[in-house]
Amino acid sequence: MDFPQQLEACVKQANQALSRFIAPLPFQNTPVVETMQYGALLGGKRLRPFLVYATGHMFGVSTNTLDAPAAAVECIHAYSLIHDDLPAMDDDDLRRGLPTCHVKFGEANAILAGDALQTLAFSILSDADMPEVSDRDRISMISELASASGIAGMCGGQALDLDAEGKHVPLDALERIHRHKTGALIRAAVRLGALSAGDKGRRALPVLDKYAESIGLAFQVQDDILDVVGDTATLGKRQGADQQLGKSTYPALLGLEQARKKARDLIDDARQSLKQLAEQSLDTSALEALADYIIQRNK
């Protein structure tokens, strides 16, 4: 199976898992649950669930067990996008080629849906059937996702990003923003897959962290590049939005060609990290393919 087929299979699997966890919720057919479904299920590359599945499968964990952490990390990602798009944040009206949640359902429902998706993520990790995961590892997974999505991770990065609007931000400060805002949840996805495998996954965490940190930063560099060279129809969101908000970006600081080189160098670093796992007879091909895709994608 080539990478596009793997990614397509992941999208299908992750969406089935998300639907299964959303379906039993109360208040079905109300605007807030419809907003949750719209924000979580319509479109998206599902890269974070892919990282959960790919890492877990590398250690022999079943898809059935990995559905829960894959759905949980995507719930956090979906909530973050819903809230990022709000007028008080990035004020975007287009996401994945469709009206953003607050445009379609109103700000109140968008806020509540984001809140509900965030808490659903932790309900999934605490309650879902994960037969191969010990209680110790389940608690570690909950703690990992909480840290990555809170003030020590994604929320802290978003706060730094908002504070930096309209200001000149040096490269080290820009990397600090994105290691938190984007990179923390990507690292969490990899770690959740590893923690699903117990001790053998835990032993690989230092290597996997290096891989995840490299692809997380590369993902943001490529996003910044696409904000310059992409188009709204392909991106599914407003092209040039970062420039309009006065945000510092890698192309603005480094120039377009040097930004591209930085992204390539980061992916080379990620691939180098995986060699240590390949030497242990682990199949890293899916993680390698995902790393390459990050800088080859056009949206």
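Note: Cβ is positioned from N, Cα and C throughout, glycine not excepted.
Values in this document were obtained by computation on a predicted structure and should not be read as measured data.
Straight from Swiss-Prot, the features:
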{"type": "BINDING", "residues": "Lys45, Arg48, His77, Arg96", "note": "isopentenyl diphosphate binding site"}
{"type": "BINDING", "residues": "Asp84, Asp90", "note": "Mg(2+) 1 binding site"}
{"type": "BINDING", "residues": "Asp84, Asp90", "note": "Mg(2+) 2 binding site"}
{"type": "BINDING", "residues": "Arg95, Lys181, Thr182, Gln220, Lys237", "note": "(2E)-geranyl diphosphate binding site"}
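Note: the CA-CA distance between Lys45 (isopentenyl diphosphate binding site) and Asp84 (Mg(2+) 1 binding site) rounds to 17 Å. When other Cβ atoms within 10 Å of the Cβ of Asp84 (Mg(2+) 1 binding site) are tallied across all protein chains shown, the result is 19. Look at Arg48 (isopentenyl diphosphate binding site): DSSP puts it in a helix.
Residue density at Asp90 (Mg(2+) 1 binding site): 22 other Cβ atoms are found within 10 A of its Cβ, drawing on all protein chains shown. The record gives Lys45, Arg48, His77, Arg96 for isopentenyl diphosphate. Within 8 Å of the mean position of their Cβ atoms, the other Cβ atoms in that chain belong to Gly44, Arg46, Leu47, Glu74, Ala78, Leu81. Distance between Cα atoms for Thr182 ((2E)-geranyl diphosphate binding site) and Asp84 (Mg(2+) 1 binding site): 12 Å, as a whole number.
Cα of Arg96 (isopentenyl diphosphate binding site) to Cα of Lys181 ((2E)-geranyl diphosphate binding site): a distance of 19 Å. Taking CA atoms as the reference points, Arg95 ((2E)-geranyl diphosphate binding site) and Asp84 (Mg(2+) 1 binding site) are 11 Å apart. Taking CA atoms as the reference points, Lys181 ((2E)-geranyl diphosphate binding site) and His77 (isopentenyl diphosphate binding site) are 11 Å apart.
Rounded to a whole number, the C-alpha distance linking Gln220 ((2E)-geranyl diphosphate binding site) with Arg48 (isopentenyl diphosphate binding site) is 14 angstrom.
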